[in-house]
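Feature list (source: TrEMBL):
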ACT_SITE  B:S146  active site, charge relay system
ACT_SITE  B:D221  active site, charge relay system
ACT_SITE  B:H253  active site, charge relay system
Number of protein chains: 2
Amino acid sequence: MDIISENRCFGGVQGVYGHRSKATGTDMTFGLFLPAEAADGPVPVLWYLSGLTCTHANAMEKAGAQGWAAEQGIAVIFPDTSPRGENVANDAAYDLGQGAGFYVDATEAPWAPHFAMESYIMQDLPSTVFDAFALDPNAQAITGHSMGGHGALTLAMKHPGRFRSVSAFAPICNPAASDWGQKQLGAYLGENADFEAHDASHLMRTDGLDVPLLIDTGTNDQFGDLLKTEAMASAVATRRAEATLRLQKGYDHSYFFVSSFMEDHMTFHSEALYA
Amino acid sequence: MDIISENRCFGGVQGVYGHRSKATGTDMTFGLFLPAEAADGPVPVLWYLSGLTCTHANAMEKAGAQGWAAEQGIAVIFPDTSPRGENVANDAAYDLGQGAGFYVDATEAPWAPHFAMESYIMQDLPSTVFDAFALDPNAQAITGHSMGGHGALTLAMKHPGRFRSVSAFAPICNPAASDWGQKQLGAYLGENADFEAHDASHLMRTDGLDVPLLIDTGTNDQFGDLLKTEAMASAVATRRAEATLRLQKGYDHSYFFVSSFMEDHMTFHSEALYA
């Protein structure tokens, strides 16, 4: 593991690190905010999965998570959103290929060799960070924005027991029925794949989530039609899951929205992580 | 004035606006965070001057000011750091020309026609924003980072009575004696100009500042030798000015440093603005 940068931040350290991933077969970069408490022993961890076009850096720089994480003594991991590099498949569109891994393991050409973001987030990166840093594997939570909200919701439901709490900012809720989902799941998994196995609203209906859930989405989200928040709202209500869904008046899809509600999400996760 | 973007943020609006500046003779772009309270009448204003290479956008996205500004009911203005455009003089170096206005009015070729950042910040942009938004001209404060810290300190001392409080993050303190200053002041004002008339440490010694001052600088600032914090520390102590200078252990020059202490600065300004 290589140290790319380390900056003192809210009494802790905002680091950026590089490592070789078996899952993706590439070098990967991630951000990690480690609060001061990590000097005394393992701290709880919040995974923050980012959206389309983002790298590890966007949320680390714009989401305003570190101050609240420092206050709660929680580490935050900011993974990249896909494998990258000259030898990694890509697409000219912003929403396919590099920067758009969708948190699934691709089975189809040309994506299969490197696009294994579910395995990367669930196995490969955890084995790296829990080995290298004072993080408590028994106190993990997950959140994400947009495509990363889809990732947080689906990974938590596909891997019950792994996360103590789940939240999302403007998540893609129903990719099996959206242009943000059908295109990518078709490319990565094949047009005949079971898209619903990677659809948060479907998973909520069929498997549910046995930990607390918080979702915030803006009423002025410019991608609202693609997110299909109504599918998740319906699924949560049908399932009678322990959940809070908030439609935030006037907010859009930007980091100005995400940062506005970061305190609430960090408090929410803190309650579960320290329970 | 043109609306470039408006995003709901912490209950207020983070806007980006374009306007024609008489001072610079160019179109200029600025950011403005307007808290919810502005709907009910004029609110206090904090000017945030950015550093070398920055536009209006960097601090607006990374400094984490809006949450604390919203809590205090304070507007924050994020001006650009220079005039820009194809017809505006520039230099290949990152620290001269576009993105490096140094908050002075240039008198020398090729800079004089457009590089009038002191007039822009002190006269031109205020006339625009106080006309267009619910801002209280009698409740202004100023802060800045690096070159913007130099701007905040020098403009406040050159224009006594304008700001109720002044702060800075890792400011350039003694440009008359630093490579961050001699080069630019020489280019913009001429090699024989009185650099000390634009030097915060000199102004503190000679004119002083009659409002509260807060400065934070990291002990690990990678540009520490260029900032010459010691000159300002000495000047403040000699002058016996009302001031707090803090050397923050382990912090560097980044926005991770700025954001870590933004709450303190906003609280500091709030006390003066609501006094």
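Just so it is clear, glycine is given a Cβ too, placed from its N, Cα and C backbone atoms.
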Between B:H253 (active site, charge relay system) and B:D221 (active site, charge relay system): CA-CA distance (Å): 5
Which same-chain residues, if any, lie at least 6 apart from B:H253 (active site, charge relay system) yet have Cβ under 8 Å of it: B:S146, B:A170, B:G218, B:D221, B:Q222, B:F223
B:S146 (active site, charge relay system): tally of other CB atoms within 10 A of its CB: 26
All-chain count of other Cβ atoms within 10 Å of B:D221 (active site, charge relay system): 20
